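Q: Have a look at this one.
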Amino acid sequence: MGASRLYTLVLVLQPQRVLLGMKKRGFGAGRWNGFGGKVQEGETIEDGARRELQEESGLTVDALHKVGQIVFEFVGEPELMDVHVFCTDSIQGTPVESDEMRPCWFQLDQIPFKDMWPDDSYWFPLLLQKKKFHGYFKFQGQDTILDYTLREVDTV
C-alpha cells in the first residue's frame with residue numbers, strides 16, 4: 001500500500017429521506033453517491049466537504065457531523081483513498097444539478113443500492129442508525145470487493 005489522498009463524502013439526511021447525486025462524469029460515473037471529492041491543499045477536511053457539497057448540489061450547510069472514515073484500495077492504483085464521511089440535516093437552498101451530479105431525494109426504504117458503490121450497502125445501515133464507523137475496502141476494478149473490514153467506533 002502506498003500514500004493516501006484525502007477525500008470527503010457528505011450525506012444529507014432528513015427524517016425519512018436521503019439526498020444522493022447521480023455521478024455524471026469521471027470516477028464513479030453512472031452511480032448514485034453522496035457529495036464530495038478531493039480535499040484541496042490548505043483546506044481543512046470539513047471545509048473541503050462543505051465546498052464539494054456546494055459545488056455539486058448548490059446546497060450550503062450549517063453543521064456537518066463526522067460519522068465515518070473509510071480507506072479504499074483499488075488494485076493497481078498507487079494511492080489509497082482516505083474518505084471522511086459526514087452527514088448533515090441542516091441545509092440551506094434547493095438541490096440543483098451541476099456538471100458533475102444530478103441530485104435526487106430517496107426515501108430511506110428505497111435507497112438504490114444496486115446503482116451505488118458496492119461497499120455502500122455495508123456501511124450505510126450504520127450511518128442511518130447514527131453510529132460512527134471505520135472501514136477498509138479493497139476493490140478489484142469498481143465492482144468487486146476483494147476484502148474489507150468495518151467496525152463501529154466511539155469517535156471518528
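From the backbone N, Cα and C atoms, a Cβ is placed for every residue, glycine too.
Owing to the predicted nature of the structure, the values given are computational and were not obtained by experimental measurement.
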Q: May I ask you to find which of Thr8, Thr88, Thr144, Thr149 Swiss-Prot records for the 2-oxo-dATP site already listed with Asn33, Phe35, Gly36, Gly37, Lys38, Trp117, Pro118, Asp119, Asp120?
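A: That 2-oxo-dATP site, as Swiss-Prot gives it, pairs Asn33, Phe35, Gly36, Gly37, Lys38, Trp117, Pro118, Asp119, Asp120 with Thr8.
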Q: Among Glu56, Glu77, Glu79, which residue does Swiss-Prot annotate as binding Mg(2+) 1 together with Gly36, Glu100?
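A: Among Glu56, Glu77, Glu79, only Glu56 appears alongside Gly36, Glu100 as Mg(2+) 1-binding in Swiss-Prot.
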Q: Relative to the Cβ of Trp117 (8-oxo-dGMP binding site), which residues of the same chain, six or more apart in sequence, are found under 8 Å away?
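A: Residues satisfying the criterion: Gly28, Arg31, Asn33, Gln142.
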Q: Tally every other Cβ atom lying within 10 Å of the Cβ atom of Asp119 (8-oxo-dGMP binding site).
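A: Excluding its own Cβ, the number within 10 Å is 18.
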Q: Around the C-beta of Gly36 (8-oxo-dGTP binding site), how many further C-beta atoms are within 10 angstroms, looking at every protein chain?
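A: Looking across every protein chain shown, the total is 24.
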Q: I'd like the per-state residue tally for the motif 'Nudix box' (37-58) from DSSP, helix first, then strand, then coil.
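A: DSSP classes over the motif 'Nudix box' (37-58) add up to 13 helix, 2 strand, 7 coil.
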